[in-house]
């Protein structure tokens with residue numbers, strides 16, 4: 001009679017366990033790296049969306065700009081490291097048929113976070129609670145592209161320095177009808193010259 005061995009030897013079982021263990025460790029490492037990469041890419045996407053949303057809201061604010069002198073600043077637009085100007089907006093919770101309302105918006109940088117504060121009373125001094133728009137901002141500057149002589153510029157340039165994207169620059173054209181309208185001070189000066 002032939003004595004046939006049934007099953008595996010101890011050496012074969014140990015070799016199979018070692019191979020299975022190595023494959024399990026490799027699979028875990030691959031899964032862990034894929035999960036880490038996914039989390040990192042989601043964070044990058046979220047930060048980019050936050051930047052894009054901030055620029056879109058600033059663009060909308062500037063496109064809806066109203067040439068109205070603010071009583072607290074006595075200017076139509078305050079530009080620089082803080083920006084204050086009047087814009088028109090519709091309350092998203094109000095019915096669509098409701099007219100747009102005037103708002104004073106205030107963009108400013110505090111503790112590496114860019115904020116947007118809104119005053120629903122355009123000549124009021126008290127902002128509603130500011131909304132954090134963009135984090136990890138090193139500098140924020142809005143500047144006029146029409147020189148210092150003109151109170152209402154034709155366009156403004158945003159200079160934004162972020163930790164993630166470095167220096168960003170974006171030019172925003174102001175509404176064309178504002179460029180054609182003269183401010184009251186310019187109209188008075190023009191009338192005085194004709195007399």
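Just so you know, the numbers here start at 1 and follow the chain as drawn.
Positions of Cβ are set from backbone N, Cα and C atoms, glycine also.
These numbers come from a predicted model, not from an experiment.
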* **transmembrane segment range according to Swiss-Prot, out of 8-29, 30-51** => 8-29
* What same-chain residues lie close to the transmembrane segment (8-29): Cβ under 8 Å, and 6 or more beyond its ends? -> none
* Asked: Relative to the Cβ of residue 8 (N-methylphenylalanine), which residues of the same chain, six or more apart in sequence, are found under 8 Å away?
  -> 16
